[in-house]
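Beneath this line is the structure, given in structure tokens, with notes to follow.
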Amino acid sequence: MENLKAQILRLKKEKNAVILAHYYQQPDIQEVADYVGDSLGLSQEAEKVHADIIVFAGVHFMAETAKLLNPKKKVLLPDLKAGCSLADSCPPDIFKKFVEAHPNHVVITYVNCSAEIKALSHLVCTSSNAEKIVNSVPENIPIIFAPDKNLGNYINQKTGRQMLLWDGSCVVHEAFSLDKLIALHKEHPNAAIIAHPESEPHILETARYIGSTSGMIDYVKQSPRTEFIVATEAGILYKMQEEVPDKILIPAPAMEDNTCACSECAYMKLNTLRKLYDCLVNETPEITVPKAVAEKAIVPIQRMLELSK
Ligand code: 13P
Ligand code: SF4
């Protein structure tokens, strides 16, 4: 009897499917993926896919972005309930009213949002290119930035802009404990703290490097330091450790009431190897986007990809 991984690899070939996975996915899923990356890398990869089926091992907004880029292909998500607290924090009907109340603003949305929200946007960005995308808008034009207030606040600081921020956030990146982080750093004074910009300002203030998941991996690879405290979802440690087997990587500690000692995204972890296998066998759950929404939502994504070349 073939094991699950071997069966997935066989099915992938038989069905001309490709598996795209985010760094926060479980290691066994990353191991069967054709490409593992951050949101920007995954969108860029999705744009190039020649396979008939894309299995997206990530969360709903990521698979939806892949579908928008490949409307004729079948895009599958192992568990349709794999959502995102940031995407949930921006309901389209309320956001539409907010945008209408600020008619002279350019609307930039972080890719962690639904297709309906992207359809209301002029530009989309990821944590890799947010600064570049914001800087592409002339300085005299006011900007609405949604849904992540922490990323928005960080980009405001970096660019000197005063973008109007939507009040959304990521539960995973707001679970870090500053007190525990400071105590941990005292135990490891030579460790560099690195953080994802979805983290709160008091966490970002402690960080030597702030960047996307890919940015954090690159930083750890090129840094002469040998010890790092990593403030993002703990799943990143698998790929990061593979890249720097001789360095010490410590996950940033979460607050007392968190479900685990570090911080894990319960949505990302809904995908399992078994669900990935079932989804390849049954070619379901499939991602669909209404045509009218898709036609509008693809425009700011394509603008972003063009600006990121
Ligand atoms: P990255 O694009 O940096 O991988 O971030 C995705 C995400 O969901 C972070 O929580
Ligand atoms: Fe969404 Fe946060 Fe999970 Fe990323 S870590 S997918 S932003 S809930």
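Each residue, glycine too, has its Cβ placed from N, Cα and C.
The 10 Å shell around the Cβ of Glu198 (iminosuccinate binding site) contains 27 further Cβ atoms across the protein chains shown. DSSP assigns Glu198 (iminosuccinate binding site) to coil, not to a helix or a strand. The feature iminosuccinate binding site is assigned by TrEMBL to His22, Ser39, Tyr110, Val111, Asn112, Ser127, His196, Pro197, Glu198, Thr213.
Per TrEMBL, [4Fe-4S] cluster binding site is recorded for Cys84, Cys170, Cys265. Sequence-distant neighbours of Cys84 ([4Fe-4S] cluster binding site): residues of the same chain at least 6 apart with a C-beta under 8 Å from its C-beta are Val59, His60, Phe61, Asn112, Cys170, Tyr267.
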Between the Cα atoms of Tyr110 (iminosuccinate binding site) and Cys265 ([4Fe-4S] cluster binding site), what distance do you get, rounded to the nearest Å?
18
Distant-in-sequence Cβ neighbours of His196 (iminosuccinate binding site), under 8 Å, six or more positions away:
Ser127, His173, Ile210, Gly211, Ser212, Thr213, Met216, Ala231, Thr232, Glu233
Please go through the binding-site residues Tyr110, Glu198, Cys265 one by one and keep those whose C-beta falls under 6 A from any atom of ligand 1; give the result in sequence order.
Glu198
I want to check the contact list for His22 (iminosuccinate binding site): same chain, sequence separation of six or more, C-beta distance under 8 angstroms. What comes out?
Val36, Gly37, Asp38, Ser39, Leu42, Ala57, Gly58, Val59, Met62, Thr213, Met268
Cβ atoms near Cys265 ([4Fe-4S] cluster binding site) (within 10 Å, other residues, all chains):
23
